[in-house]
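Here is what TrEMBL says about this protein:
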type: DOMAIN; residues: 41-286; note: domain 'G-protein coupled receptors family 1 profile'
type: TRANSMEM; residues: 25-49; note: transmembrane segment
type: TRANSMEM; residues: 61-79; note: transmembrane segment
type: TRANSMEM; residues: 99-121; note: transmembrane segment
type: TRANSMEM; residues: 141-159; note: transmembrane segment
type: TRANSMEM; residues: 205-224; note: transmembrane segment
type: TRANSMEM; residues: 236-257; note: transmembrane segment
type: TRANSMEM; residues: 269-288; note: transmembrane segment
Amino acid sequence: MDENRTQVVKEFVLAGFSHTASIEAGLFVVFLFFYVSTWVGNVLIMGTVASDRNLNSSPMYFLLGNLSFLDLCYSSVTTPKLLVDFLHKEKLIPYNQCIVQLFFLHFVGAAEMFLLTVMAYDRYVAICRPLYYTTIMSRGLCSVLVAASWMGGFVHSIVQTILTVNLPFCGPNQVDNFFCDVPPVIKLACADTFVIELLMVSNSGLISTSCFVVLISSYTAILVKIRSKEGRRKALSTCASHLMVVTLFFGPCIFIYARPFCTFSVDKVVSVLYNIITPMLNPLIYTLRNKEVKSAMRKLWDRSGLGAKAGANSQGSL
């Protein structure tokens with residue numbers, strides 16, 4: 001018994017989604033499409049914002065470009081490993097790589113939570129104090145807020161990682177998910193983790209819930225501030241895309257992290273929502289409802305010469 005408890009786990013086995021080759025081949029195609037779409041959409045937004053002077057000088061789109069970069073980083077923490085595992089029967093991850101994945105998952109994830117909160121404040125100032133918007137949301141302040149979001153994510157992740165690496169792991173070593181995250185990993189520790197779980201829930205759960213409450217409060221304040229029906233309609237139209245992002249991202253995060261670390265069968269599906277689906281949908285949500293971004297994308301397309309070539313080819317075929 002003592003000998004087993006001193007044994008050190010050198011690698012973990014990820015449970016994944018299925019052990020049937022045909023199902024995993026289908027899932028590989030689906031998730032590869034999600035990942036490629038995430039890269040195409042977010043790189044397109046980043047390139048559009050960087051190339052358009054009007055968008056680049058706007059605080060809203062400066063923050064949107066940073067959100068796209070975070071989405072790329074966030075999806076790349078787990079999805080490449082998931083795609084590789086679909087092609088292998090045994091889904092192994094060394095202990096050190098598991099901890100690194102856990103660290104960057106919470107680092108980038110928390111930074112995105114803070115940035116979404118900053119974006120909600122940006123919308124509040126733009127709608128409720130439009131005359132002072134450019135003065136309040138200066139480029140300097142936006143840069144500081146983005147840096148603070150990254151720093152907040154780093155501090156949060158360091159706490160989570162230190163609490164995890166100080167736990168002993170002597171077996172079993174199967175992580176009940178498709179990536180390394182705090183809840184399923186610390187359940188494998190050969191120690192009483194009750195206090196650690198409370199600390200981690202207080203950390204992750206408090207951050208996700210607090211940011212969500214602040215976001216909803218900011219939108220409520222916007223609607224209360226605006227008296228006219230037409231003004232409220234425009235405000236809802238402006239903030240609708242942001243609300244969709246908030247719901248898709250924070251809802252699953254609160255479900256996973258704001259409760260004691262018990263496992264539900266639906267956890268893997270919920271994890272897919274905030275790890276893979278949300279980073280893919282963000283570009284669609286922001287571009288389909290935003291005339292300025294779509295106009296800037298058309299200009300970028302025309303400047304690239306691809307639009308002219310497509311038009312010439314179309315006329316030639318006629």
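Heads up, the Cβ atoms here are built off N, Cα and C, so glycines get one too.
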Given a Cβ distance threshold of under 8 angstroms, which distant residues of the chain, six or more beyond its ends, lie next to the transmembrane segment (269-288)?
31, 34-35, 37-38, 41-42, 44-45, 64, 67-68, 71-72, 74-75, 77-79, 105, 109, 177-179, 181, 241, 244-245, 248-249, 251-253, 255-256, 294, 297
Cβ under 8 Å, sequence separation of at least 6 from the ends of the transmembrane segment (236-257): give me the contacting residues as numbers and ranges.
109, 112-113, 116, 119-120, 123, 126-127, 181-183, 200-201, 204-205, 208-209, 211-212, 215-216, 219, 222-223, 267, 270-271, 273-274, 277-278, 281-282, 285-286, 289-290
Pop the mean pLDDT for the domain 'G-protein coupled receptors family 1 profile' (41-286) in here, whole number is fine.
87
